Amino acid sequence: MIQRVLKILEQIENTAMAVLALVLIFAAAAQVVLRLFDVGVVWLDPVLRALVMWIAMLGALAATRHDKHINLDALTRLLSGWSLRAARLLTLLFAAAICVVLANASYGLVQLDRESMTPLVNDIPAWWVEVILPVGFGLMALRFALRAFVLPAPSQPEAT
Amino acid sequence: ATVFKIATVAPDGTTWMKEMREAAANVKAQTEGRVEVKYFPGGVMGNDVAVLRKMKLGQLQGGAFTGGEISQVQGDIQIYSLPFLFDDLNEIAYVRKTMDAEVKQRLAAKGIVPLGIAGGGFAYLMSTKPLRNQHDLRASKVWVPQNDKIAQVAFEQSQVNPIPLPLGDVYTSLQTGLLETVGTTTSGAIIFQWHTKVKYAFDLPLTYVLGVFAVDKRPYDKLSPADRTVVDREFAQAFQDIELAAAKDNENAWQTLVKNGVSFVKPDATEHQAWIDVGVRTRDAMVANGGISKDLLDKILALKAEYQSQQAAKP
Amino acid sequence: MIWLAILAIIALAAFGAPLFALIAAVALIGLQLSDYESTVLAVEFNRLAESPVLIAIPLFTIAGYVLSESGAPKRLVRLTEAMFGWLHGGLAIVAILACAMFTAFTGASGVTILAIGALIYPALRQAQYSERFSLGLVTTSGSLGLLFFPAVPLILYGIVAQSLGTSPSAGVEDMIKAGALPGLLMVSALAAYSMYAAPKRAHDVPFSAAELRAALWDARYELPLPFIVLGGVFLGTFAASEAAAITAAYVLIITVVIRREIPLQRLPAVLREAMELVGAILLILGVSLGLTYVLIDAGVPEQIFGFVNTHIGNKWAFLLLLNGFLIILGMLLDIFSATVIMVPILVPIAISYGIHPVHLGIIFLANMQLGYFTPPVGMNLFIASFRFKTPVLVLTRACVPFFFVLLACVLLITYWPGLSLWFIPPSP
Ligand code: NA
Ligand code: NA
């Protein structure tokens, strides 16, 4: 049951990422074409930059799923068995804890910008974009905590 | 000691920073070290939005802003920058003598105390292409600063579809032809190196550029009245000097621009009137959308009329 | 207490904790010491959404991933072979050129070894290049091209350096122009060494006009790419972020719509892989903005600055130490983390010695390039070891001559600023 829910969540995440990536590519290209034809759209640039932020957070969340976060792994390459388990438990729970703090900190940012009604552009409030930060870090914390108890698939030095 | 951490985008070594550092040194000496002002120049603290956020969180106690940037806190601070509101600097000086106190007060009511307002002179439109009238302007790629509400409304009123970009991207964009026309003071054109790109300028004062140095009200109110007086006095002095220096810089910059082959074109009477009309429509639109208070605008217009009748009465 | 925390962080780093978490932890300790709320970290992180050039990173990363999943590597190798294969040491030169171009597009993420190295290694062996030479060449070339636009580390350096607001400044466009000649120097030096080290009668590829024509035709859709990317920026038609937008859209259209080498069902997975790398990089960049803030607020750069200035007398001594320091840094840290953490500290110091931040950037990246195949961290060693089923130690030995060739280039780049600043107008 939990497996099924996780699978569905992952699929939603994958789809969201692909859609955001495609929107980013074609909106950015459209902006260039529009500029060449002398048309500027005031809200397009802030929206594109907001998209980068969302993609960064969703990408980081997915990177957690596949152990793709950048780390120094010279030592861990030498570990196996229980020592590898212990190292993962320690480091991934640490990462989860940091993500909790970051989620809390970004919730503070969202609050701050809601109170002062900081705009992203025109009438769009900035916090609509920023809300991905507490949500993203929160989910990342959860995922790190779960991964702490799971060993990765047989080691495959992949391109990062 | 109370430490004021101040962010500014001005790079270290500029006239602005020299004056600000001098004021800080004087404040420290005269308060016997009770008040210290520390600067973070060069934009290391991020853009205006980030600086305002940090002021709320107490990481920073102040910043230097353009009128447009600080207008997100209180719109009226930008009122002197309405396009074509003033014809020359004397007129502004006359109006500001009476009005500055009230304008500052309105911002202070929002928790941010402006210690100094410095006029940076008039901005002019400059272009890589010939620029004689509104028609030329509409046909070119015009820059508008992001978050500058007044400029956006003004361009809307003259049916220009401008390209919004952050300041840092303007130079490259002039180089690449993504932008052709920019609005800035003559010295601004030189500071940002845009003068190496533009060839034509429109000889019509577009808007009065404003620099605002503002601090968080909370630490400011905690100062003893005596220390507060020192801070007020020293920064008022610094800003007076900055304004004088800016006026001189602008004059010299004008000469440099001309020497560099930039031709200033004066608009004819019809064209001039067309621009004045844009100014009036922009004012109305800003009042209508709540960006500017009507009562304040009326007071300023009355003072302007007063100044003009005084001038007319002079022999 | 503070030492205990630092020890804990070092231990966690050694055991493979994600770097972003470590950087964030250090920043949080700093905030704690200055009595700031943790919200500050989020405010700084949010500056990711402030930089207009940042968009170039996801866009070029996507383009690189899509290209490496398509038949582009094969066509690139075929084309360079038709053009240069007939030279003495021709196949080695093909490997160098193809790797450099491909790395520029994939940002030295190790994909080059998998995509190009795997194609060329068997060809090298068949043409009687020794195993050691072939392995060394392929492993080394995996990071060649880091100085060429649109390599993401080059862009990242420009973004971080520009955010410092120094004078003179170093923007992305400056870095693009600066990287060209030093990059060519490294490519030529490796090519020259390969010509010297190639077997006497290397069984290379004879020249054929027909094959060249066919190869050109085969690569007709990819051929405009370098011109869009480089020509656009050098001639000033596009800003870096715009070149990225056009490139990504163009690559997607040719591979998915026109050539159909990536089926539509496979596309989301390719995009996701690219996004994972983007997420990992930007997460590190975001938290390091927080760390940089903490350091600036506490006046740490000024202190380091003062220390370095009193102890190191002149520019040349500083540059020598800088090289040593950067090689070690490159051995220990990946290029993205090294950039976001060290650049804000290094740039002001370098400027005080009269070193242009653009030149510093090229020195920085060139040193980091060595780090890619220097143990213990050198990522390319591990990727090559996995791909060619060879022990890391053997690979390390194979890389030694190449290391010294590139080290000589790094020194030349360091002590000849003009090479990097050739296309950079003197600052006012
Ligand atoms: Na740019
Ligand atoms: Na920074």
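Cβ coordinates come from backbone N, Cα and C, glycine included.
Curation plays no part in TrEMBL annotations; they are all automatic predictions.
Taken verbatim from TrEMBL:
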DOMAIN    C:7-418  domain 'TRAP C4-dicarboxylate transport system permease DctM subunit'
TRANSMEM  C:51-68  transmembrane segment
TRANSMEM  C:89-121  transmembrane segment
TRANSMEM  C:133-157  transmembrane segment
TRANSMEM  C:178-198  transmembrane segment
TRANSMEM  C:227-257  transmembrane segment
TRANSMEM  C:277-296  transmembrane segment
TRANSMEM  C:316-336  transmembrane segment
TRANSMEM  C:343-364  transmembrane segment
TRANSMEM  C:370-388  transmembrane segment
TRANSMEM  C:400-424  transmembrane segment
Stretch in C:51-68, C:133-157, C:227-257, C:370-388, C:400-424 most in contact with the transmembrane segment (C:178-198), if contact is a CB pair under 8 A: C:400-424
Average model confidence [pLDDT] within the domain 'TRAP C4-dicarboxylate transport system permease DctM subunit' (C:7-418): 88
Touch test for the transmembrane segment (C:51-68) and the transmembrane segment (C:277-296), at least 3 Cβ pairs under 8 Å: yes
The transmembrane segment (C:316-336) versus listed stretches C:277-296, C:343-364, C:370-388: most Cβ pairs under 8 Å: C:370-388
Stretch-level contact, the transmembrane segment (C:89-121) and the transmembrane segment (C:370-388), CB cutoff 8 A, at least 3 pairs: yes
Any contact, the transmembrane segment (C:370-388) to the transmembrane segment (C:277-296), with at least 3 Cβ pairs under 8 A: no
Best-contacting stretch, by C-beta pairs under 8 Å, relative to the transmembrane segment (C:277-296) and drawn from C:133-157, C:227-257, C:400-424: C:133-157
